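According to TrEMBL, the features are:
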- 11-304: domain 'Amidohydrolase-related' (DOMAIN)
- His13, His15, Lys99, Asp247: Zn(2+) 1 binding site (BINDING)
- His15, Leu16, Arg17, Asn41, His136, Leu219, His251, Ala263: substrate binding site (BINDING)
- Lys99, His136, His174: Zn(2+) 2 binding site (BINDING)
- Lys99: N6-carboxylysine (MOD_RES)
- Asp247: active site (ACT_SITE)
Amino acid sequence: MKTLTLTRPDDWHLHLRDGALLAQAAPFSACRFGRALVMPNLKPPVTTVAAALAYRDRILKAVPPDCGFTPYFSLYLTENTAPAEIARAAAEPCVLGFKLYPAGATTHSDAGVRRLEAVYPLLEAMEELGVVLQVHGEVTDPDIDIFDREAVFIERELVPLRRRFPDLKIVLEHVTTAEGVAFVQQSPPQVAATITPQHLRYNRNALLAGGIRPHYYCLPVLKREKHRQALLAAATSGSPKFFLGTDSAPHPRPAKENACGCAGCFTAPLALEMYAEVFEHAGALDRLEDFASGFGADFYGLPRNREKVRLLRKSWEVPQTLGGEIPLVPLRAGETLPWRLHDA
Ligand code: DOR
Ligand code: ZN
């Protein structure tokens with residue numbers, strides 16, 4: 001059987017939730033990935049170092065201790081973030097940056113930023129202290145077509161922001177468009193992007209052709225094939241600017257299978273296998289390790305993991321639902337995947 005040995009991967013964009021959902025979802029990530037950058041869009045949002053440290057305790061209680069999982073945090077940037085919080089974040093090793101959610105862009109983003117100018121002083125402090133800005137790159141203007149929101153954000157907000165703060169470290173999270181890829185490629189090395197498994201594997205037909213498939217709905221939404229091709233080329237190019245961030249975002253089944261379903265694909269249980277599938281199909285399996293286990297750690301100035309994991313070329317079926325009390329439907333439920341993580 002074909003096997004692929006990789007340095008243990010990290011997930012540089014992950015939603016772990018809180019309470020019962022945290023307990024149910026977190027082990028899927030913790031047993032697969034060495035580290036994760038955990039997103040702060042809880043209710044209420046994780047806006048301070050103190051709140052992140054308390055959240056870390058809850059996460060560590062929710063994961064099997066023998067997994068050796070280390071969570072890192074992105075704090076929720078608001079127009080009311082205290083300048084002193086930037087300095088505290090810079091001094092706290094488990095905090096890797098601040099997340100910019102344009103208000104209203106996605107799940108629990110209402111506390112986000114309405115006017116980018118309002119946070120300019122904070123961005124200046126981040127630039128100065130080397131604190132990373134993780135960006136949800138979509139405009140929220142209702143007049144802008146949802147499929148264009150990333151491209152318009154780049155043009156209207158991100159290009160001017162990069163000009164104004166040339167040394168600010170920026171991660172364009174879950175990049176989904178050719179425009180996003182080009183922005184990152186044309187920027188200096190301190191600008192990078194994460195790429196999800198679903199945006200590498202699917203175009204918008206997966207969401208809409210032949211019936212509406214709520215488990216394929218996430219934000220930014222899946223785009224046209226030409227954008228997927230651009231993401232694939234970027235991920236498999238060997239450029240250190242593009243690295244793994246699953247954006248795994250569990251919601252209870254009734255919240256997804258709903259007349260107004262929530263955005264978010266629960267991919268933690270199959271993400272690594274999906275990346276392997278996509279890289280193999282592109283003839284780039286030899287580039288998977290840097291993408292999944294190298295470039296993200298390098299970007300954040302952390303050592304690469306020392307442990308190894310093994311992927312087996314052995315087909316398996318993704319379960320219809322996962323977990324206990326709260327029904328969670330993973331992406332690709334009931335489908336067969338060609339790669340499987342050994343001992344998962
Ligand atoms: O699809 C998404 N789900 N996109 C986001 O930006 C947030 C996430 C969530 O928290 O559910
Ligand atoms: Zn996310």
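Note that Cβ sites are derived from N, Cα and C of the backbone, with glycine treated the same way.
Any TrEMBL annotation is an automated prediction that lacks curation.
Feature map: annotations from TrEMBL on the structure.
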{"residue": "His13", "record": "Zn(2+) 1 binding site", "DSSP class": "strand"}
{"residue": "Asn41", "record": "substrate binding site", "DSSP class": "coil"}
{"residue": "Lys99", "record": "Zn(2+) 1 binding site", "DSSP class": "strand"}
{"residue": "His136", "record": "substrate binding site", "DSSP class": "coil"}
{"residue": "His174", "record": "Zn(2+) 2 binding site", "DSSP class": "coil"}
{"residue": "Leu219", "record": "substrate binding site", "DSSP class": "coil"}
{"residue": "Asp247", "record": "Zn(2+) 1 binding site", "DSSP class": "coil"}
{"residue": "Ala263", "record": "substrate binding site", "DSSP class": "coil"}
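Rounded to a whole number, the C-alpha distance linking His136 (substrate binding site) with Lys99 (Zn(2+) 1 binding site) is 7 angstrom. Of Arg17, Asn41, Leu219, all annotated as binding-site residues, the residue with the shortest Cα distance to His174 (Zn(2+) 2 binding site) is Leu219. A mean pLDDT of 97 is what the model gives for the domain 'Amidohydrolase-related' (11-304). Same-chain residues that are not part of His13, His15, Lys99, Asp247 yet have a Cβ within 8 Å of the Cβ center of the Zn(2+) 1 site turn out to be Leu14, Leu37, Met39, Asn41, Ser74, Gln134, Glu173, His174, Gly245, Ala249. If you measure from the Cα atom of His251 (substrate binding site) to that of His13 (Zn(2+) 1 binding site), you get 16 Å. Residues from the binding-site residues list (His13, Arg17, Leu219, Ala263) with a C-beta closer than 6 Å to any atom of ligand 1: Leu219, Ala263. Taking the centre of the Cβ atoms of Lys99, His136, His174 as the Zn(2+) 2 site, the nearby residues of that chain (Cβ within 8 Å, site residues left out) are His13, Met39, Leu100, Tyr101, Thr106, Gln134, Val135, Gly137, Glu173, Asp247. In the vicinity of ligand 2, defined as a Cβ distance under 6 Å, the following of the binding-site residues Asn41, His136, Asp247 are placed: Asp247.
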